[in-house]
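Enquirer: Structure provided below as structure tokens; questions to follow.
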Amino acid sequence: MESPALGILLLIACFGSARGNLSRDESQPTTSDETVVAGGTVVLKCQVEDPDDSSLQWSNPAQQTLYFGEKRALRDNRIQLERSTPNELTISISDVVLADEGEYTCSIFTMPVRTAKALVTVLGIPQKPQIFGHEQPIDEEKVARLICRSSGSKPAAQLRWRKGNREIKDSGTEVVEDPNGKTFTVTSRVEFRVTKEDNEVEVTCTVDHESLQNSERSTTQKLQVHYKPTAKIEPHPQYPREGEKLQLQCDGQGNPISILGSSLNFISPLCVLRDPGVLIPAALLSPQEFLWEKEGSDAPLQLSSESVLIFPLLNKSDSGTYVCTATSSMGSVVAKYNLDVSDASPVPSTTSTYHAMIGGVVAVIVFLLLSLLIVLGHYLIRHKGTYLTHEAKGSDDAPDADTAIINAEGGQAGGDDKKEYFI
């Protein structure tokens, strides 16, 4: 009994569904919701399968008619007709503003009147973010508190922070509605402890919003961190010798730079110190100080804004440990240098090596010339002895010396022939 009843119910349901499809209202217009960025253009399309000899009409949220068929009803040059047929009415609105947001109605005046709603959402573009709290330099190891703010977004934008190449988490975000009642102002705060390495590091605040699409809107500021100075002493020349001029440069690095002018390696005009053999750089009216002292000496050698201690003529008595104390608003730092004045004996240099090489080459050439003269003299002496001997052997019957030598050589050859013959 239950199976036939169930079959009947299914048959009735299928018949009702088929009847519903057959009775679908072909004169009902259709449209769709649209989202547009403020300043852009939105297109509204309304379609109907069976217009029933009636015209389509678009009206705005204030129920003002925009277009009735192809006829303009509202004098607004931003609104243009894109397409008008019995089955479609398409219009466009350019330079969209926030006030254009709302429900737009497409109507067809049949009996009864049929309508379709299209919700237009206008996105408010957030303004470029601004960073506050970086106006004054931050001391090392203090906490930096920065604020980033962006207005005009709709819906509310998201803000994110980056220090250098690293993302940092904010400590709180606040969203406030703007006076126009449509857009929002977003404020984000971030806190972190700064170090010496954070000086000149860029902190970036970026706003993320769907209206920006693939573009990015951000603001970057550089941190200014005041940190304690560091110092070291550099001698010029590197290896001081007795009788030479020496400059001890107290190179300091710190922030603010104006406190440690030596980091710029600037040397001002000089004046003479009362201690013998030492010149003092002229003092400038600035807040930095460089104190030069020698260990074991009661009085300081120099106290001024200049970082160079000069010895015009070194001697053995200048040997010792020299101390430079660099002072700034962030504190003081001490650097030491042990000066050991060497003897004034010449030291090997490139020029002396070059001269030694030239001397060696000249010595070799002289030796070769002397050797050549000795060999040549020895040869001449031997040749002269042979000449005299031959001249004596053939001088009896020869009219001159040459003929005597020839006769002597001939006689010797004849003797040899005879010796060979007798053998």
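Backbone N, Cα and C atoms are what each Cβ position is placed from, and that goes for glycine too.
Take a look at what TrEMBL says about it:
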SIGNAL    1-20  signal peptide
DOMAIN    29-121  domain 'Ig-like'
DOMAIN    126-224  domain 'Ig-like'
DOMAIN    229-342  domain 'Ig-like'
TRANSMEM  354-381  transmembrane segment
Enquirer: Mind checking which residues reach the transmembrane segment (354-381)? Cβ under 8 Å, same chain, six or more beyond either end.
Expert: none
Enquirer: On average, what pLDDT score does this prediction assign to the domain 'Ig-like' (229-342)?
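Expert: Across the domain 'Ig-like' (229-342), the average pLDDT comes out at 71.
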Enquirer: When secondary structure is assigned with DSSP, how many helix, strand and coil residues does the domain 'Ig-like' (126-224) contain?
Expert: 6 helix, 55 strand, 38 coil
